[in-house]
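Trainee: Take this structure, written in structure tokens, and hold onto it; I'll ask about it next.
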Amino acid sequence: MSPQRHLTTLDLTLRAVGGTVGLGLYVLTGTVAKGMAGPAVVVSFSIAAMASLVGALCYVELAAHVPHTGSPYLFTYVSMGELWAFLIGWNTLLGHLITGAALARVWSSYVDVIFSHRIRSFIENHVGIWQVPFLAQYPDFLAAGIILSVSTFVSCKARVSSWLNRTFSAISLAVILFIIILGFFLARPHNWSAEEGGFVPFGFSGIMAGTTTCFYAFVGFGAIAASSEEAQNAKRTVPMAITISVGLVAGANILVSTVLTLMVPWHSLHPYWALADAFHQRGYSWAAFIVAVGAICAMNTAILNIILFLPRITYAMARDGLFFQVFAHVHPRNQVPMVAIMVLGVLMAFLALLLDHEALVQFLCLSAMITRTVVTTSIIILRFRKAPPASSQGPGSPVGTEQASAPEPGQLRPALRPYLRFLGGCRPGAAVTWALGVLVASAITLDCVLVFGDSALHLRTWGYTLLLLLSSATFLLSLLVLGAHQQQRRQDTFQVPMVPLTPALSILLNIFLMLHLSYLTWLGLSICLLIGLAVYFGYGIWHSKENQQEQPVLTAPHGSLEEMVPALQPPSQIPAQESSYTEQPTSA
């Protein structure tokens with residue numbers, strides 16, 4: 001039974017803003033301003049917002065290809081296959097684990113502010129201070145404790161009322177308005193002067209490094225795409241809600257970053273509790289207390305939603321056979337996957353206990369951008385892929401009828417065949433596949449030349465120019481080859497405009513931003529992905545239900561691949577049984 005379409009543009013916008021706006025403000029602003037971009041953090045947030053808008057719209061189009069609420073894991077399964085889907089699911093799992101750990105450390109920092117930093121002083125005096133890369137200066141027992149407490153709370157199926165969740169969100173938004181108003185009243189333009197380091201103390205590279213980190217402040221808009229089934233006139237309301245939400249969140253982050261760096265010099269900020277620290281430095285301790293309360297409310301909601309969402313990733317992967325089956329086990333009394341909740345909660349608590357806040361932020365930003373790049377690439381793949389036949393769309397489907405009479409996607413456009421005869425002999429989709437591979441490879445090459453050409457590669461001027469021209473020409477040529485082929489055209493759902501140009505530019509920008517992260521961050525993610533590959537080839541590939549489709553009966557609970565992707569099997573073979581695990585993340 002289809003969910004009721006009752007969500008308006010305002011409902012979707014409030015859902016995204018309430019669940020996203022606090023992350024960049026309380027977690028990323030101080031980190032970026034202190035060690036990456038200085039006052040130019042406002043520019044970093046602006047660029048990150050533009051880069052994120054395209055990715056968010058891609059989620060909307062991908063959601064239209066899946067008849068049930070989806071995720072990057074599911075979208076990748078539909079477009080790119082099982083291995084890539086597992087890697088994206090694994091990457092999403094890691095990203096949310098690290099996000100929860102980072103939020104818990106920020107929560108702990110602001111609780112420590114309320115107690116005048118007595119908690120930190122006690123731990124440092126009795127445990128000591130560490131000086132190890134990636135590790136925090138001291139173990140954060142408070143951060144680990146809040147994660148374990150929330151995990152236990154959720155595993156017992158204790159329900160949080162929507163009233164309490166909305167109250168936390170309302171307090172957080174009210175505190176943000178308070179920060180902006182009082183912050184402009186206390187602003188000192190001198191703090192952007194050359195005497196304090198200037199507006200761009202770290203140069204263009206600092207702005208781009210800050211953009212890479214600020215990118216994570218805009219990753220929560222997939223929740224709107226996931227709610228598209230419940231939206232009124234989804235083709236219009238969902239894109240509008242995403243665009244408005246990105247604008248509101250970007251505006252809030254830019255305004256708060258502006259007042260933060262105008263109140264006190266950027267180099268005097270504390271990266272963990274920057275907002276409260278700025279008011280404390282100006283002698284407004286009472287305002288610092290209010291900011292700390294707002295941050296704690298925002299973190300409470302965010303940590304709870306992440307712990308509710310994490311088991312759904314492992315649950316979907318386990319039900320598809322790609323992950324250990326114990327994570328798909330639902331407790332018969334509580335009706336929640338207790339093993340998944342507790343195991344993931346312990347892992348998240350361990351990360352929050354030991355890892356450094358900045359290392360967590362860098363790692364989760366890289367994880368988010370990889371996922372966004374793959375999702376954006378999926379848009380190009382699905383646009384040039386032949387649509388499923390009308391029978392798989394369901395009886396009376398207008399989409400199937402429309403696409404049956406349209407030219408087949410992946411074929412060369414008839415008007416261009418006389419001019420591109422060398423492509424006319426290719427089977428439908430072959431030239432597109434090669435062109436997409438060349439486009440991604442040339443984007444990586446072009447970005448590497450731009451980022452490392454003068455520094456790590458030490459290229460001479462002629463070599464730098466030659467590589468730049470060759471990679472740019474290859475990128476444009478592959479883009480033209482893609483544009484010369486027929487695409488899917490659907491009138492009933494939203495589609496990203498100007499494909500393949502729009503997603504191609506998004507891919508280029510995402511890779512450019514990823515290359516500004518440190519090699520230690522890439523090394524850490526590479527190790528985690530290798531562990532994921534070991535899990536897939538050691539377990540997932542042998543238990544995959546996609547590889548066992550010849551079996552006559554497949555149990556397909558809500559959230560599993562077989563139910564949500566009718567293109568993989570006829571509708572008559574899709575079981576009606578649904579899982580009892582229906583716990584949904586509470587809306588912010």
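Even glycines carry a Cβ here, placed using N, Cα and C.
Note that this is a predicted model, so its numbers are computed, not measured.
Pasting the feature list from TrEMBL:
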{"type": "TRANSMEM", "residues": "39-62", "note": "transmembrane segment"}
{"type": "TRANSMEM", "residues": "83-107", "note": "transmembrane segment"}
{"type": "TRANSMEM", "residues": "138-156", "note": "transmembrane segment"}
{"type": "TRANSMEM", "residues": "168-187", "note": "transmembrane segment"}
{"type": "TRANSMEM", "residues": "199-226", "note": "transmembrane segment"}
{"type": "TRANSMEM", "residues": "238-264", "note": "transmembrane segment"}
{"type": "TRANSMEM", "residues": "336-355", "note": "transmembrane segment"}
{"type": "TRANSMEM", "residues": "361-382", "note": "transmembrane segment"}
{"type": "COMPBIAS", "residues": "388-398", "note": "compositional bias 'Low complexity'"}
{"type": "REGION", "residues": "388-411", "note": "region 'Disordered'"}
{"type": "TRANSMEM", "residues": "431-452", "note": "transmembrane segment"}
{"type": "TRANSMEM", "residues": "464-482", "note": "transmembrane segment"}
{"type": "TRANSMEM", "residues": "494-513", "note": "transmembrane segment"}
{"type": "DOMAIN", "residues": "494-544", "note": "domain 'Cationic amino acid transporter C-terminal'"}
{"type": "TRANSMEM", "residues": "519-542", "note": "transmembrane segment"}
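Situate these features within the shown structure.
Mentor: Tertiary proximity for the transmembrane segment (39-62) is limited to same-chain residues at least six positions away from its ends with a CB under 8 Å from its CB atoms, namely 24, 29, 32-33, 70, 75, 78-79, 191-192, 198-202, 206-208, 210-211, 213-215, 217-219, 221-222, 224-225, 228, 238-239, 242-243, 246-247, 249-250, 253-254, 257-258, 261-262, 266, 372, 375-376, 378-379, 382, 493-496, 502-503, 505-506, 509-510, 513.
Long-range contacts of the transmembrane segment (138-156) within its own chain (CB-CB distance under 8 A, at least 6 residues past either end) are made by residues 100-101, 104-105, 107-108, 111-112, 119-120, 123-124, 127-130, 303-304, 307-308, 334, 336, 338, 341-342, 344-346, 348-350, 352-354.
Using a Cβ-Cβ cut-off under 8 Å and counting only residues 6 or more beyond its ends in the same chain, the transmembrane segment (168-187) has close neighbours at 17-19, 21-22, 25, 252, 255-256, 258-260, 262-263, 275, 278-279, 282, 284, 287, 290-291, 293-295, 297-298, 300-301, 588.
Residues 9, 12-13, 16-17, 20-21, 24-25, 29-30, 32-33, 38-39, 41-42, 45-46, 48-49, 52-53, 56-57, 60, 63, 176, 179-180, 183-184, 186-189, 191-192, 214, 217-218, 221, 224-225, 228, 231, 274-275, 277-279, 281-282, 494 of the same chain, all 6+ positions outside the transmembrane segment (238-264), place their C-beta atoms under 8 angstroms from a C-beta of that stretch.
Same-chain residues lying 6 or more positions outside the transmembrane segment (361-382) and placing a CB less than 8 Å from one of its CB atoms are 27-28, 31, 52, 54-55, 58-59, 61-62, 65, 72, 75-76, 78-80, 84, 88, 91-92, 94-95, 98-99, 102, 212-213, 215-216, 219, 436, 440, 482, 488, 496, 499-500, 503-504, 506-507, 510-511, 513-514, 517-518, 521-522, 524-525.
Long-range contacts of the transmembrane segment (519-542) within the same chain, counting only residues at least 6 positions beyond its ends with a Cβ under 8 Å from a Cβ of the stretch, are 82-83, 86-87, 90-91, 94, 133-134, 317, 321-324, 359, 362-363, 366-367, 370.
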Trainee: Give the nonlocal contacts of the transmembrane segment (464-482) in its own chain as ranges (CB under 8 Å, at least six residues past its ends).
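Mentor: Beyond its ends, the transmembrane segment (464-482) has Cβ neighbours at 380, 384, 423, 431-432, 435-436, 438-439, 442-443, 445-446, 449-450, 453-454, 500-501, 504, 508.
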Trainee: So what's near the transmembrane segment (494-513) in sequence-distant terms, Cβ-Cβ under 8 Å and 6+ beyond its ends?
Mentor: 51, 54-55, 57-58, 60-61, 64, 208, 211-212, 215, 234-236, 238-239, 369, 372-373, 376-377, 379-380, 383, 439-440, 443-444, 446-447, 450-451, 475, 479, 482-483, 487
Trainee: Per-residue pLDDT averaged over the domain 'Cationic amino acid transporter C-terminal' (494-544) comes to what?
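Mentor: A mean pLDDT of 89 is what the model gives the domain 'Cationic amino acid transporter C-terminal' (494-544).
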